[in-house]
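What Swiss-Prot says about this one:
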- CYS4-CYS11: disulfide bond (DISULFID)
- CYS58-CYS174: disulfide bond (DISULFID)
- CYS191-CYS199: disulfide bond (DISULFID)
Amino acid sequence: LPICPSGSVNCQVSLGELFDRAVKLSHYIHFLSSEMFNEFDERYAQGRGFITKAVNGCHTASLTTPEDKEQAQQIHHEDLLNLVLGVLRSWNDPLLHLVTEVQRIKEAPDTILWKAVEIEEQNKRLLEGMEKIIGRVQPGDTGNEVYSRWSGLPSLQLADEDSRLFAFYNLLHCGRRDSHKIDNYLKLLKCRLIHDSNC
C-alpha cells in the first residue's frame with residue numbers, strides 16, 4: 001500500500017511509522033541480499049577463489065560510509081540520512097541490470113532471479129520511503145543528488161564465464177555489504193530521531 005495516496009491532503013502517517021516501515025524494508029532487503037549471495041556462492045563460486053579477489057571492489061566505495069556503530073554515532077542525522085539516500089540511489093542502476101543479466105546465467109535457479117526482482121522493487125520502495133522521511137526531517141530538502149555511478153554492466157556480459165561469474169559474485173557481495181550498512185544506519189537513525197537515543 002502506498003504510504004500516502006498522491007494528492008491526499010489529510011495524510012497523517014507519523015515519522016515513527018515511516019521509520020518502522022523503512023527499517024522493516026531494509027531488514028527484508030538485507031535478508032534477501034544475503035540469501036541471494038549465499039545461493040550464488042554455493043552454486044557458482046566454489047573452488048574459484050572469488051572471495052580473495054572480492055576485496056574493496058564495490059562501486060559505492062566512493063561514498064564514505066562509517067565502518068561501525070561508533071563511527072556512525074558521530075555523524076549528524078541529516079548527513080546520515082543523505083548517505084542512506086546516496087547508497088540507495090547508487091543501487092538503482094545495478095539492480096535493474098542484475099535482473100536482466102542474471103537470466104542469462106547458465107541454469108540460473110528461479111530463486112536467484114526472483115530475489116533479484118524482489119530486491120530491485122523493494123529498493124525502489126525504500127528509496128521512496130527515505131525521500132518521505134527526509135521531507136519530514138528536513139522540510140524543503142529532498143536530499144542531495146549524490147550517488148555513485150556504476151559502470152559494471154560490461155563485466156556482467158563478458159564472454160569468459162569465469163570473469164562474468166566473478167562480476168556477479170562481486171556485485172552480490174557488495175549488495176549484501178551495503179544492505180547491511182543501510183539496515184544498521186536506519187536502526188540507528190530511528191533510535192536517535194524517534195526514541196531520543198534511548199534504545
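Just so you know, glycine gets a Cβ as well, placed from its N, Cα and C.
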Local backbone state of CYS58 (disulfide bond), from DSSP in three classes: coil
Cβ neighbour count (within 10 Å, all chains shown) around CYS199 (disulfide bond): 10
Length of the line joining the Cα atoms of CYS191 (disulfide bond) and CYS174 (disulfide bond), in Å: 26
Neighbourhood of CYS58 (disulfide bond) by C-beta distance under 8 A, where only residues 6 or more apart in the same chain count: ASN170, HIS173, CYS174, ARG177, ASP178
Which of CYS174, CYS191, all disulfide-bonded residues, has a Cβ with the fewest other Cβ atoms inside 10 Å: CYS191
